[in-house]
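Over in Swiss-Prot, the protein carries these features:
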| type | residues | note |
| --- | --- | --- |
| TOPO_DOM | 1-57 | topological domain 'Cytoplasmic' |
| TRANSMEM | 58-78 | transmembrane segment |
| TOPO_DOM | 79-85 | topological domain 'Extracellular' |
| TRANSMEM | 86-106 | transmembrane segment |
| TOPO_DOM | 107-125 | topological domain 'Cytoplasmic' |
| TRANSMEM | 126-146 | transmembrane segment |
| TOPO_DOM | 147-161 | topological domain 'Extracellular' |
| TRANSMEM | 162-182 | transmembrane segment |
| TOPO_DOM | 183-380 | topological domain 'Cytoplasmic' |
| REGION | 190-367 | region 'Disordered' |
| COMPBIAS | 193-207 | compositional bias 'Gly residues' |
| COMPBIAS | 231-240 | compositional bias 'Basic residues' |
| COMPBIAS | 252-279 | compositional bias 'Basic and acidic residues' |
| COMPBIAS | 280-289 | compositional bias 'Basic residues' |
| COMPBIAS | 301-329 | compositional bias 'Basic and acidic residues' |
| COMPBIAS | 337-346 | compositional bias 'Basic and acidic residues' |
| TRANSMEM | 381-401 | transmembrane segment |
| TOPO_DOM | 402-411 | topological domain 'Extracellular' |
| TRANSMEM | 412-432 | transmembrane segment |
| TOPO_DOM | 433-573 | topological domain 'Cytoplasmic' |
Amino acid sequence: MYNKNNNNNNIIDDNDYDDDDDDYNYYNNNNYDYNENLISKDTKKQKDLEKEPLSKSIAFISIGTLTLLYVIVELGAALYVGSLTLLSDGFHNLSDVVSLVIAWWAQKAAKRDSDNFMSYGWARAEILGGLTNGCFLLSMSLYVALEAIPRFIRPEPMESGLIFMIVAGSGLAINILGTIVFACTGMSHAHSHGGGGHSHGGGGGHSHGAEKEKKKEKHGHSHDGADKEKKKEKHGHGHSHSTATTAVGINSEEHNHDDHDHHDHSEESHGHSHGGEKKKEKKHGHSHSHGGGAAEGININDEHDHDHEGHHDHSEENHGHSHGGSEKKKEKHGHGHSHDGGVEKKKEKHGHSHDGVEKKKKKKKSSGTCLGMDLNMFGVFLHFLGDAISSLFVLITGAVIHFTHGKWTEYIDPAVSLIIVIMIAATSAPLVKRCSMILLQKVPDDIDLDSIRYKIAKVEGVVSQHDLHVWQLVDGMTIASVHVGIEQGREFQSIASKLRKIFHKEGIHSTSIQPEFLPINSFTGGATSDPNFCIQNCVDDCEEEWCCKKSADRIRMRNFNSKNSNIVDINDI
């Protein structure tokens, strides 16, 4: 036993996963390669995206041209009346034109294929565009703020409020149009680079299984030797059962039931009782997905994960489940069930995932922006939203100057300029920060590295791990790499499959797992005792280039301080 926590409760087995991921089950049960299907999904998505850039190009060109014409008019008016507010708004709109050009280029560049010079392609062009847009806004805000402060010391009288109103009104209309266009364009074409996820709500689950031999019933049913002569009652539940009848063959059944009361099953079958057993019952919407391996040779140990409101009834090898069995009236519930019933001679365990009554599963943060746009489009959207608000303030400023008189009106222009600057900076700073964190390859906020390390350590055959890195290529596309120490003699492919499941459940679909087959330490009787032991470094020649050089430094120091008989020399391994 080389793993310190090597016992039944701490070792991850293939069947320790809830298998509530429909995509993974579908590909796994049908002998498909999951990663290849993810690639095919991304390829299809890429082809769909290639058909869409026309609308974005039209939006960029039309709004950009209109904005450029307006900037020329606004800057001319600002110089004519000597207004800092109009000047700042004009420069703001000019930065919009520049940002539109950058964003348009980023959209085009992001669709280029990878080559020998850009192995990832130009995917990060959108991030670069969003960062540039944010920096333009922040620099413009700083410039206007520096210009506005002297105006409070030496205020200048303002006239021609009517010109303010005409110019600001035109700008407000253009910016509102741009905001709507890019909000709609960005949301309708938004995409996530995660590998095709699904969202399942209560009562609306689905099941991927073999399409052959599907049967539809409108009454009771039995599984794998259940008594067919039992009384069949109407049900009000939608069930999708995918039962593996042999090690390879798959038999799928679909049942539609009305006013479901109970299921009765014989030995080694699955009995379920949904609904109250004592008094009145309200409607329940259930969606079930059952996958049961019925071949005698199958040995599956799925852990229990029950989140039921009510109780369970179990007897010998026949498992009866009562979901939501309260003593009085029942509330409406929507349940999504995923059952993977592997039949063993004396033990059966079920994995349940319930959406509805008290869903306790942790929800992950969405990786996109609040409107579902990529960061590049979100930057353009922020530009026009900020412009629309600033144009509104300019319009108010013009109205105040035109309809009121007094010494205090001289402070309106610089005051409004500072308000606009604060609003623009408040919306731009988070965009710059987010783009910067992606370029700095920060770990995404919804990823817990300690949790991943813990799960990796539980995998049977893994004795050490180090250099775990998780980062984002673009917003929504997370990548990971890790070095794992494996006992000599272990099959790497099976261990890698378990590790990929761990990353997959964390929303990481692009992983690089580097195995390190560790030697047996004759002095300890097990694998090397250093959990950070790394044998992939060439200690002598490329000390500054190691990806895990800290580990090798510890090995060097241990070798230096050890007796000759205990030296661990990487080059001798």
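Glycine is treated like the rest: Cβ placed from N, Cα and C.
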| request: Please figure out which one of 58-78, 86-106, 126-146, 162-182, 412-432 racks up the most CB pairs under 8 Å against the transmembrane segment (381-401). | output: 162-182
| message | Same chain only, please: residues at least 6 beyond the ends of the topological domain 'Extracellular' (147-161) with a C-beta under 8 Å from a C-beta of the stretch. Say none if there are none. | response | 80-84, 87-88, 398-403, 409-415, 417-418, 421
| message | How about long-range neighbours of the topological domain 'Extracellular' (79-85): same chain, 6 or more residues beyond its ends, C-beta under 8 Å? | response | 144, 147-148, 151, 156, 158-160, 163-164, 393-394, 397, 413-414, 416-417, 420
